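Visitor: Shown below is the structure under consideration.
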């Protein structure tokens with residue numbers, strides 16, 4: 001399934017929330033788990049990973065009303081490390097969380113281009129609009145301006161183009177003539193010439209609908225005798241290559257793309273916890289079950305198995321609760 005169809009589908013949702021929900025006892029349970037010396041992490045896991053994001057927001061309101069304390073700040077003071085990072089991620093409303101991830105990717109020394117590419121290339125126009133709004137509200141800054149200030153060259157251009165969300169077209173209409181023309185233009189801009197016309201690649205990848213691009217990729221392969229991915233790899237490098245390939249992957253199959261991101265976060269020595277947390281939290285109420293199916297097909301093992309092998313303690317237990325049963 002390609003990215004433009006990844007709306008909230010019930011079978012894709014791994015965290016559904018509590019059917020008989022009342023925020024007040026939940027808030028009290030959390031308060032008691034953190035009161036006095038020591039913290040009962042398991043109680044925090046049981047409450048927060050079994051509630052939807054909307055329910056968590058209500059728990060936070062009830063917590064403040066009953067105990068006069070901010071739930072996020074209280075959790076931060078009681079928890080630490082990766083487990084804290086995961087639990088705090090769960091407490092943010094979705095668009096504010098993604099805005100925070102983008103802000104954190106750009107603040108300080110160095111920019112985590114991978115985070116920006118992942119979010120901008122895989123979200124719909126409406127989602128991007130909400131993220132931009134949340135970013136402005138929380139950081140008093142314009143996301144597009146910050147991206148321009150933090151990146152340069154063709155990477156800056158592709159990110160700004162992606163932020164416009166021009167790839168949304170749900171009509172599914174494809175003009176075969178234009179698809180062929182785009183394929184020829186891409187070939188002329190890359191394989192056919194010495195050097196590469198990067199802007200032509202950026203314009204086509206960022207402004208055409210996903211259904212249209214699928215046709216372009218087919219036509220391209222006929223003309224060039226190689227896939228668009230192979231051409232991008234040979235014509236570009238670094239973050240620009242990563243950005244272009246991400247657009248192609250999200251166009252072909254969004255769930256495969258996220259499965260690959262999760263696998264990438266855990267393969268080899270060490271774990272990229274930021275990537276693991278972000279992708280599990282942000283997809284848990286959208287399509288994580290579908291991503292899990294894809295993960296198993298692609299890697300021959302379940303996502304849960306890999307999390308069990310790669311993480312430990314409360315952090316592992318909370319992640320497994322969010323992922324749900326993996327058959």
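Backbone N, Cα and C atoms are what each Cβ position is placed from, and that goes for glycine too.
TrEMBL annotations: computationally assigned, not manually curated.
The following feature annotations were taken from TrEMBL:
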type    : residues           : note
BINDING : 266, 268, 270, 310 : Ca(2+) binding site
Visitor: Just jot down the residues in the same chain as residue 266 (Ca(2+) binding site), at least 6 apart in sequence, with C-beta under 8 A of its C-beta; none if empty.
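Guide: Set apart from residue 266 (Ca(2+) binding site) by at least 6 residues yet with Cβ under 8 Å, we have 272, 276, 306, 307, 309, 310.
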Visitor: With a radius of 8 angstroms around the mean position of the C-beta atoms of 266, 268, 270, 310, what other residues of the same chain does the Ca(2+) site pick up?
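Guide: Residues close to the Ca(2+) site, other than 266, 268, 270, 310: 265, 267, 269, 271, 272.
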Visitor: Which residues does residue 270 (Ca(2+) binding site) neighbour through Cβ under 8 Å, counting only same-chain ones at least six apart?
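Guide: Non-local contacts for residue 270 (Ca(2+) binding site): none found.
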